[in-house]
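Following: one structure in structure tokens, then a few remarks.
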Amino acid sequence: MNSTEIWFTGLLEEHGVALSPLQLEQFQTYYELLVEWNEKMNLTGITEREAVYEKHFYDSVTLSFFVKMDQASSLADIGSGAGFPSIPLKICFPHLRVTIVDSLNKRIQFLQHVVQALKLEQVQCVHGRAEDIARLAPHRDAYDIVTARAVARLSGLNELCLPFVSDGGVFAAMKGADPADEVNEAKRSMTELKAKLTSIEHLKLPFEQSDRHILLMKKNGATPAKYPRKAGLPLKQPIL
Ligand code: SAM
């Protein structure tokens, strides 16, 4: 193990996430592909190994400190970009059936390559806008956990993500420093989309020490027929 892998496995183990040599190798291959493909397309501004493991891999897995992954069977990641948080979560919790949605086809092609190279099973990479994909029966009100990191302000994000969550399921919005204003602004969108804020979890990245917040919402009921509205509208004219 190199020094990055030593702290990475150690910190995850403290939270009950034990990584096998195969899982560590999957993270290593993912890191190499990220750096390689990043030269041809814009995937991430972070390429140094330690920083990728901390700010992308570890940050993604922190969701499992607050949401019990072993009690879930399906997860959808909306606006996954280069695969965060869904690919690190899938590596750590291989039992999950994962759907990745992104509106940029190049990123979906990268993720399809990652899924093959890492031999991940039951991962579907869907190219399209969340507003359109959430209207398709297999995806609507269908997932135990829905995630989104760094996609949009919560008032608009709720309309992109909550329609994917099953009745009783969880939407986890992964946010940075201080989400209080966003949360206040998003109250009406939560009510309209049948969700209730259940907790705001706080953590710090282990070395950089920057603050992260995970907003957890529980869905109670089916998505009303009028949502999501036409593609583009949720972010342009959020429910306020
Ligand atoms: N979640 C990743 C992360 O944390 O690194 C990527 C964040 S990136 C800033 C936002 C991603 O959301 C982009 O890949 C973009 O293509 C995607 N996106 C934006 N609006 C979307 C929409 N309406 N439907 C699906 N994907 C969308």
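The backbone N, Cα and C atoms fix where each Cβ goes, glycine too.
The model shown is predicted, which means the values in this text are computed figures rather than measured ones.
As recorded in TrEMBL, the features of this protein are as follows:
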BINDING   Gly79, Phe84, Ala130, Glu131, Arg149  S-adenosyl-L-methionine binding site
Query raised in the report: Non-local Cβ contacts of Glu131 (S-adenosyl-L-methionine binding site) (under 8 Å, 6 or more apart, same chain)?
Result: Glu159, Leu160, Pro228, Arg229, Lys230, Ala231, Gly232, Leu233, Pro234
Query raised in the report: If you count Cβ atoms within 10 Å of the Cβ of Ala130 (S-adenosyl-L-methionine binding site), leaving out that atom itself, what do you get?
Result: 28
**Report entry** Local Cβ density at Arg149 (S-adenosyl-L-methionine binding site) - other Cβ atoms counted within 10 Å
**Finding:** 23
Report summary line: DSSP says Glu131 (S-adenosyl-L-methionine binding site), in three-state terms, is helix
Query raised in the report: So what sits near Phe84 (S-adenosyl-L-methionine binding site) in its own chain, CB-to-CB under 8 Å and at least six residues off in sequence?
Result: His56, Asp59, Ser60, Asp77, Arg149, Ala150
Query raised in the report: Near Gly79 (S-adenosyl-L-methionine binding site), which residues of its own chain have a C-beta under 8 A away, given they sit six or more steps off in sequence?
Result: Val101, Asp102, Ser103, Ala130, Ala148, Arg149, Ala150, Val151, Ala152, Leu160
